[in-house]
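**Q** Shown below is the structure under consideration.
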């Protein structure tokens with residue numbers, strides 16, 4: 001069997017960088033070169049400050065960089081010298097979750113390798129299997145034809161996104177009836193046929209994969225004349241958009257039907273904790289809806305650079321003209337963001353937000369002071385926060401009948417919950 005000694009990975013982004021760093025780490029006898037046309041990104045991979053944040057990634061890179069792991073812009077030579085070339089395609093799809101990517105790569109549920117059913121295709125499959133067999137048990141390595149591997153990747157992310165949209169749809173019902181979505185999720189999650197994964201209600205899913213892969217599935221179904229199937233999966237995206245708009249509408253309604261010229265602290269901008277990735281983050285959409293109503297946003301995230309936040313909010317589908325310059329301030333810490341604010345909106349479930357000095361925050365806020373918890377990170381603090389004086393609104397639950405009442409209405413005066421965002425998904 002042909003032995004792989006040199007690997008070239010084209011693309012030093014969120015997938016290529018971590019994946020090939022772990023391959024180099026687990027296969028010290030294989031020379032791995034990650035190439036990209038973006039020189040500044042390659043320079044960052046070769047520096048002490050990596051271009052992406054992922055727990056455990058820095059340690060992996062530093063253990064083998066300069067030994068059998070290299071980052072380069074010399075794409076042509078790396079391809080010519082390689083025995084195997086990784087490209088961002090679905091024949092060997094990744095099933096990584098940002099925030100746990102290194103753990104997922106070192107101990108995967110499965111590795112899926114698809115290939116043509118030709119002698120050449122099967123030789124390539126066997127060669128790639130041999131690379132993964134350095135650390136992955138053979139029974140966890142699945143081999144399929146190319147179409148099966150591609151659809152497996154799309155279907156896996158579509159099913160996960162569907163679960164999130166499903167629980168989010170029930171969260172709206174919980175708020176209307178007085179049920180608690182956390183109690184409902186626990187009850188249905190104990191059914192072994194359903195399981196308890198991905199039943200966390202929130203302000204909506206984000207990231208580079210879920211929306212892109214569901215929309216790819218919708219496109220395939222439309223192209224193959226399966227309109228009913230396409231409409232089914234499109235509803236997963238529509239429900240996610242609805243959840244974001246519903247949350248933004250709830251903020252506006254609770255703040256006496258206007259946020260114009262009001263300061264609102266946005267805590268968290270990454271699409272989830274333990275990553276600096278903002279692609280398709282719900283924070284972008286919440287910020288857009290509030291900016292459209294004239295709110296002044298003070299945004300803090302522990303891992304997202306100021307420049308990235310500005311770029312995301314300056315996208316033509318998100319803001320217009322000088323909206324960002326007029327309405328957005330990037331804060332250096334959460335206390336600065338909350339100083340003088342009418343409301344605090346938690347959009348990312350960073351653990352640090354559970355440990356803030358909320359008494360200190362309340363003293364510096366305008367009254368009545370509101371907290372809108374879009375990630376249910378403050379569930380255990382509701383009594384304490386209410387004693388301090390906060391009015392609390394959270395996803396999928398009525399916290400207290402004593403608070404200033406929030407009454408959802410059939411029509412939203414500021415914007416329609418049915419309108420889809422203008423921003424196109426980034427691939």
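Placement of Cβ uses the backbone N, Cα and C atoms for every residue, glycine included.
Per TrEMBL, the features are:
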ACT_SITE  209  active site, nucleophile
BINDING   11, 12, 13, 14, 15, 16, 36, 41, 98, 209, 210, 211, 212, 279  NAD(+) binding site
BINDING   94-98, 153-157, 193, 200-206, 271-272, 375  substrate binding site
DOMAIN    265-380  domain 'UDP-glucose/GDP-mannose dehydrogenase C-terminal'
**Q** On average, what pLDDT score does this prediction assign to the domain 'UDP-glucose/GDP-mannose dehydrogenase C-terminal' (265-380)?
**A** 97
**Q** What whole-number value in Å do you get for the largest C-alpha pair distance within 11, 12, 13, 14, 15, 16, 36, 41, 98, 209, 210, 211, 212, 279, the residues recorded as binding NAD(+)?
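**A** Among the residues the record ties to NAD(+), max Cα distance equals 25 Å.
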**Q** State which of the following binding-site residues has the fewest other Cβ atoms within 10 Å around its Cβ: 11, 13, 204.
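**A** Minimum Cβ neighbour count within 10 Å, taken over the binding-site residues 11, 13, 204, occurs at 13.
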**Q** Most Cβ neighbours within 10 Å: which of the binding-site residues 36, 94, 98 is it?
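**A** Its Cβ has the most other Cβ atoms within 10 Å: 98.
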**Q** Tell me the Cβ neighbour count for residue 97 (substrate binding site), meaning other Cβ atoms within 10 Å of its Cβ, over all protein chains shown.
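**A** Result for residue 97 (substrate binding site): 14 other Cβ atoms within 10 Å.
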**Q** Can you tell me which of the recorded positions 11, 13, 209, 210, 212 is spatially closest to residue 94 (substrate binding site)? Compare CA atoms only.
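**A** Looking at Cα distances from residue 94 (substrate binding site), the smallest one goes to 209.
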**Q** How many other Cβ atoms sit within 10 Å of the Cβ of residue 210 (NAD(+) binding site)?
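**A** Summing over all protein chains shown, residue 210 (NAD(+) binding site) has 24 other Cβ atoms within 10 Å.
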**Q** Should any of the binding-site residues 97, 154, 201, 204, 271 have a Cα within 10 Å of the Cα of residue 212 (NAD(+) binding site), which are they?
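**A** If one measures from the Cα of residue 212 (NAD(+) binding site), the binding-site residues that come within 10 Å are 154.
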**Q** Which one is it: of the binding-site residues 97, 204, 271, whose Cα lies the shortest distance from the Cα of residue 13 (NAD(+) binding site)?
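**A** Checked the binding-site residues 97, 204, 271; minimum Cα distance to residue 13 (NAD(+) binding site) goes to 97.
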**Q** Out of 11, 15, 36, 98, 209, 210, give those recorded positions positioned within 10 angstroms of residue 154 (substrate binding site), comparing C-alpha atoms, in sequence order.
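**A** Correct set: 209, 210.
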**Q** What is the total of other Cβ atoms whose distance to the Cβ of residue 154 (substrate binding site) is within 10 Å?
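**A** Taking all protein chains shown, residue 154 (substrate binding site) has 21 Cβ neighbours within 10 Å.
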**Q** Just to be sure I understand, if DSSP states are collapsed into helix, strand and coil, how many residues of the domain 'UDP-glucose/GDP-mannose dehydrogenase C-terminal' (265-380) fall in each?
**A** 42 helix, 19 strand, 55 coil
**Q** Roughly how many Å separate the Cα of residue 204 (substrate binding site) from that of residue 210 (NAD(+) binding site), to the nearest whole number?
**A** 11
**Q** Inside 10 Å of the Cβ of residue 157 (substrate binding site), count up the other Cβ atoms and send me the figure.
**A** 22
